[in-house]
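This report refers to the structure that appears directly beneath it.
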Amino acid sequence: MNERFLIEIEGLNKTFDDGFVSVRDINLKIKKGEFITILGPSGCGKTTTLRLLAGFEDPTYGKIKVNGLDIKDLPIHKRPFATVFQDYALFSHLTVYKNIAYGLKAMYTKLDPIDKLVEQYHQSLLDKQHRLHKRIERLEKSNANPQLLEQLKQTVVVQQKQFKQQTETFKQKENARRDAIQQRLVQLTKEWESLSKQKLQQLEAEKKLLDKKFEQTERKYQKDAWMATHSEMRLKQFKQEVLALKQLIKTKFKQNEPVDKLQLKLQTLKQKYAAKRQIDKEYDKLVLAYNKKDYWTSYWETYSLQQQEAFEKRYLSRKLTKQEQHQKVCAVIELVGLKGNEDKLPEELSGGMKQRVALARSLVIEPDILLLDEPLSALDAKVRKNLQKELQKIHQQSGLTFILVTHDQEEALVLSNRIVVMNEGNILQVGSPADIYDSPKTEWIANFIGQANIFKGTYLGDLKIKLHSGEVIKTDVDNNYVVGKEYKILIRPEDFDIVPKNKGFFNVRVIDKTYKGLLWKITTKLVDDTIVDLESVNDIEVDKTFGVTFDPIDVHLMEV
């Protein structure tokens, strides 16, 4: 049975005008209700990925599917996302209550069920009767205008006889009206789907023609060896190479050394780049044309759905009443812990409170997916930890899909169902917090997530590894390692146990120590000068030698 995913990112790329590639053809699938954290250092592409999802940036190419439909070209307000920003972005002149309620002004809900409308109509007739009875009572007390009094009494009798019939007539009319709307919607949906199918077939044929032109243009690059190896060269890199050659020619000339070959190389570089630029222009035109086709493909793929939503919004929906808005605002204020602060302005709030308001404002509009752009990074440590717990609680209670962007490894490990590790625009690993921390795929990930001790060794078979320093250790993880192949071995500092000298797997000598409150960070050396960091609850003197042990489950092998 195929798994259902709420979000599917396919081959997503973002290349800026200066040629910088921020997001490199990434692929990611997210299930409904997950808490996903995109983790990485500054400049890794995580925030750009979030902005692409939200619609604040347009991708160079690739797809962003939600419930199977590509939404990358949908405007921001039509996407099923809400975003919580790092800088809060609150309205300074509005109270907490009004900031949260702001998005509800444009929110629609389905029309009330017919039975409820009939009940409301029934009540309006009762209210009308009640007002007539009150008027009759006043006239009877005053003994004024007996003729009018008699007319009103007759009116009450007539209305009572017609009461049931009026209610039934109203119900029949409302049923007939809604049936007609539904029939019209079914008819229009068929027309919209037929039109979109026709347009998509036409676009597919046009894309195939463009694909052939792409192949022809790419063959032009391959005809020349220089172009084949420099097809990605940008103007900035070309200028740098020209300047470097000119500087070298100038230096050689001053030293009375021959420069003919360098001048020829410079001239050839300019000619080759000029020829390449002509092909680049052809290629760029094709990319522009293809992107336009891709835009319209995305448009027509969602055309029928958008038309249905617009139709339902107009004929089968209504705006929220003030009472409904108030109920939603009060519920979300309770959820995020803002009760008692409804009438305060943002300037009267702490950073943590402001972030709660920003979170509440996003939650109140009931998005399918909540995007969190480093919302806790500007807060102090204690407030941040408290809000982390609040986020976990809100995620569990709301059942929404959360996508958090952060560079804080601890935050990612604490909050997430799954972590997406990014660097230089690439997704390096996707997994549970335990997988990412305990079984990183690369040395870079191991060092980025927490502290890591990396050893080099050779796999001997039978789950045994021989370290370069000569010691033989064991792992209990069998991942089809190749006998005789060199691997990098990860052991976390907290996984070491300190034992007396010569009683462990190997001995280490203390070269430094740092007190960290609950623990001491002890820096040691192996006999081959390999640095080993470990943790101890007790202070250990510098230059002391002792043994260390660890469990095989804590030994993780990585490709070199």
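Glycine is no exception: its Cβ is also placed from the backbone N, Cα and C atoms.
The following features are taken from Swiss-Prot:
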BINDING   Gly40, Pro41, Ser42, Gly43, Cys44, Gly45, Lys46, Thr47  ATP binding site
DOMAIN    7-449  domain 'ABC transporter'
REGION    108-318  region 'Insert'
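Distribution of Swiss-Prot features across the structure.
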{"residue": "Gly40", "record": "ATP binding site", "Cβ within 10 Å": "24"}
{"residue": "Pro41", "record": "ATP binding site", "Cβ within 10 Å": "12"}
{"residue": "Ser42", "record": "ATP binding site", "Cβ within 10 Å": "7"}
{"residue": "Gly43", "record": "ATP binding site", "Cβ within 10 Å": "13"}
{"residue": "Cys44", "record": "ATP binding site", "Cβ within 10 Å": "24"}
{"residue": "Gly45", "record": "ATP binding site", "Cβ within 10 Å": "23"}
{"residue": "Lys46", "record": "ATP binding site", "Cβ within 10 Å": "28"}
{"residue": "Thr47", "record": "ATP binding site", "Cβ within 10 Å": "21"}
Ask   = Applying the rule Cβ within 8 Å of the centroid of the Cβ atoms of Gly40, Pro41, Ser42, Gly43, Cys44, Gly45, Lys46, Thr47, what extra residues of the same chain belong around the ATP site?
value = His407, Met422, Asn423
Remark   = When pLDDT is averaged across the region 'Insert' (108-318), the result is 84
